[in-house]
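Only one structure is covered here, and it is reproduced in the block below.
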Amino acid sequence: KESAAAKFERQHMDPSPSSASSSNYCNQMMQSRDLTQDRCKPVNTFVHESLADVQAVCFQKNVACKNGQSNCYQSNSAMHITDCRETGSSKYPNCVYKTTQAEKHIIVACEGNPYVPVHFDASV
């Protein structure tokens, strides 16, 4: 079974995107990372930084998660990210996404040993 850490990498990590600037980026990535398998995942964020830099966030600023848990961490610096958001015309199995690039601080939930990101909580 896929570990929570591996799932985070599959769903959220894209360190050196070949086509993040393309408006089609989300449509391609959401499909290739299996985020449209049994439904269209409505919202998803890809982080264009090294895995080491994202894992390091687990040792940065401790903040509360959206669900009230206390194991979330906010990155000290802004990171290159791409937000993918399902459009109104999207209907499974033809999932359609809007691609938005940004530079924001990320908030991730971490757990385990080694202590690594297992959930993408927000960007600010």
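Glycine residues also receive a Cβ, built from the backbone N, Cα and C atoms like all the rest.
In Swiss-Prot, the cysteine linked to CYS110 by a disulfide bond, out of CYS40, CYS58, CYS65, is CYS58.
Swiss-Prot records a disulfide bond between CYS95 and CYS40, which is the match among CYS26, CYS40. Between the recorded positions LYS7, HIS12, ARG85, HIS12 has the most other Cβ atoms inside 10 Å of its own Cβ, all protein chains included.
In this structure, the disulfide-bonded residues CYS58, CYS72 were compared by how many other Cβ atoms lie within 10 Å of their Cβ, and the smallest count belongs to CYS58.
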